[in-house]
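A short worksheet on the structure shown next.
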């Protein structure tokens, strides 16, 4: 029987799945390193296989498409513990890709999967959780899904994919804004963001898509702001590229980054954009915007840096924007293939490990610092003594002494340039449409190449000149980890606790990724506490929900993916009890037919519900 895209629909799985036995004689003597993102529609894997086989299929089940949406809220069944009565009333929003294969033979990279927004509304008084999930109706989603039949045909290439069942050569639909990366609630409005386009506004009660929210262009015309250029030589080249990128490839002039920051002390939203042409030029332009709680633009600053950089996440302190300069370079051969549609657009770029250090740019947050002649030249980066590709930032803060000397601390996750590869993220092979978990699980002795939690310390004198810069593992925790988060009330300020997703290392065939453990680090006494999901269960990014005055007084929310039985659970942990046997507060089961693929980033919104009481 011909293989078909694997989706969770009633016609395939009308009831909880019993995995039938696999004919052991049919298994190859050597397990293949890549497993297709599709499976035969008549067959599912058994639990009765050795770990090397099960591990490959477990990885695939993290990326199984979900075509169902919930128009009405569903009350989740509690299977362990109970929702505590003091749990704050609010909603946990989680976004990520929902669809990886269409009905015409094309698969896409997880980063190009259509955004699927999940909402868990938690009511401690009623001790219940209600669940909703809807696709974000972006322009690409509306074009690629037939509303009458519900069938999908991918027409957009996306930055990381090549279509098999659609137009490949000459396809200029590169900027596929799928709104699948992060979610934000600000000024009473809900948004889903993507790395490279406008956010989409969502109606918070129904999860209906309102439409694109053009926050950048409106800001660029409303305030003149400050513009600080580097070398003007590349301005001519930029002016030539802009109409081509916008007119032919429909790239917006400025690309909004999916990671934003919230200054809890000032109650401000901070967002950042870069110019579309920067990916092709040896310079980088970054614009920072700050909004008040009513979405009024307070300030805008633009910086031009004479270096070819790619930024996914960033940091801020009371006086600085902080950029970790992930250095990239243009791949000429890859660019030609990408423009012709023969390879993903991202193949036009590659990492640039030409220097043994990592540049850190400390950009003055306020314009008065820029005019201070005694301040250091922000165009000159601080070179951290480590070749580090930064993935995500948990927090950053600065402390000053009586003489004006400052120490900046940054908590982040980063990996080696030797491991990071644009074309192999998540182990997706665009040529075969297959997922290979071995890319994310290096051989013994190479673990240091993988993402780890790091602490970067920068000492500045009163003039802002760097006296010392160091990079070390955070709390000496050396296992692969990512998605560092904190109590957001401490964002931009000194924090003691940091939480992250990590690996227990108990799975021989999947020792490093996907993650299966929640990590709690105390940066004051250097203690380490963990909670593990268990055998053949994975987790995503944890989210902290505060409920008291102490920094770690609250709960952690994390989704648990029990891939061996194809179920998802919302897990509630007592953040103070991580590492103890009673850390688990509650586990709630998502209905089988609503099982969803792994999410990317989430947001906790207290007292902002999507449901009626």
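Residue positions begin at 1 at the first shown residue.
Cβ coordinates come from backbone N, Cα and C, glycine included.
Among the features that TrEMBL reports, Fe cation binding site is placed at 312, 392, 601.
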Protein Cβ atoms within 10 Å of residue 392 (Fe cation binding site), excluding its own: 21
Candidates 312, 601: member of the binding-site residues with the richest Cβ shell (10 Å): 601
Cβ-centroid neighbourhood (8 Å) of the Fe cation site, 312, 392, 601 excluded: 181, 182, 258, 259, 313, 391, 393, 483, 600
